[in-house]
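Student: The structure under discussion is supplied below as structure tokens; questions concerning it will follow.
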Amino acid sequence: MTVGTWQTHNFPLACGVTLPTLKLVYATYGEYRGDNAILYPTSYGAQHPDIDWLIDPKGILNPQDWFVIIINMLGNGLSTSPSNDRHCGLRETGFWFSHWDNIRAQAQLLEEVFGIERLALIYGWSMGAQQAYYWGVPFGDRVQRIAALCGTARTTDHNRLFLESLRAALTADPAWDGRRFQGTPERGYRAFSYIYASWAASQAFYRQGIYRQLGYASLEEYLQQGWEANYRRHDPHDLLAMIDTWLNCDVGSLRPDGDYAAALGQITAKTLVMAASTDLYFTPENCEAEAKCIPHARFQVIDSIWGHRAGNPRQSPADAAVIRNAVAELLASS
């Protein structure tokens, strides 16, 4: 693995703000051979060390065959974010990052640093899948294949309720002054994490006590150590910034007429759309409906009780095998 930082200047964002400096932190795995580049964008609350577990000779993405680039999305705490750039804000100040900002910066990085003009695959889970769809609409000639796992090209109303509940929980903390946090949101972190945990896995996951199989002695221990501790790693402003990006996800915004279905119809890449059978906020029905709008898409369900997390199956070997086989088939296709 090699980690690098790329910068550009006077970068105009979709929200209307121009950043004096924009920074992307990235990590690469494998060797670039001209036609084997895979872009792997990060998901909500994730940084490259959190998601590179699947890059392995026996994993979903084999670095002996492919040159994999993980680019940390804007707002995640490594790339330009409210926590590391005073020019960044939140929606309360009219500021947000769009996936259009992410992919424009990513495309510039890939060309300037590596000379990559065409990607063999964009592999993305959750918010990473959103970025993959955003790539596919305007940059069709630069993307050969897309693997979009447990994510949609537009945030649904039901998904928005989930996100707004997370936002409300975090900003209900007394440390929030209406524009930013003036201290650590102790109660906010806990409420945020517990809400997230209730949505990210299925009812069957909890009913069967899968968390005990993972080594947690109780549900409370699982929530505190498996969820709350993870989100406490992040600056709360960054957690809100990534939610703001998610809320603004709509590939229809890439067209003058805002036609979301027509935007999906512009995707020319061979596309694998995978959804978890028990995902509560990127439902199989919503993912399948989008796949039907994409000319060269194949839809596949991951039959799993892990809910949304089936698409990032670090602790579920069975789900990982399903994804590995499907992605291998996609990569073998022309």
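Here the Cβ of each residue, glycine as well, is placed from N, Cα and C on the backbone.
Per TrEMBL, the features are:
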- 61-303: domain 'AB hydrolase-1' (DOMAIN)
- S126: active site, nucleophile (ACT_SITE)
- D279: active site (ACT_SITE)
- H308: active site (ACT_SITE)
Student: Within the chain of D279 (active site), which residues six or more apart in sequence place their C-beta under 8 angstroms from its C-beta?
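Tutor: Residues satisfying the criterion: C150, G307, H308, A310, G311.
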Student: Give the sequence-ordered list of residues that share a chain with the residue listed as 'active site, nucleophile', lie 6 or more positions from it, and have CB atoms under 8 Å from its CB.
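Tutor: The residue listed as 'active site, nucleophile' has long-range Cβ partners S43, Y44, L149, C150, G151, F282, H308, G311, N312.
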Student: Provide the three-state secondary structure of H308 (active site) computed with DSSP.
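Tutor: In three-state terms, H308 (active site) counts as helix.
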Student: Return the count of C-beta atoms lying within 10 angstroms of the C-beta of H308 (active site), excluding that atom itself.
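Tutor: There are 26 such Cβ atoms around H308 (active site).
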Student: Considering every residue in the domain 'AB hydrolase-1' (61-303), what is the mean pLDDT value?
Tutor: 98
Student: Can you tell me the three-state DSSP label for D279 (active site)?
Tutor: coil
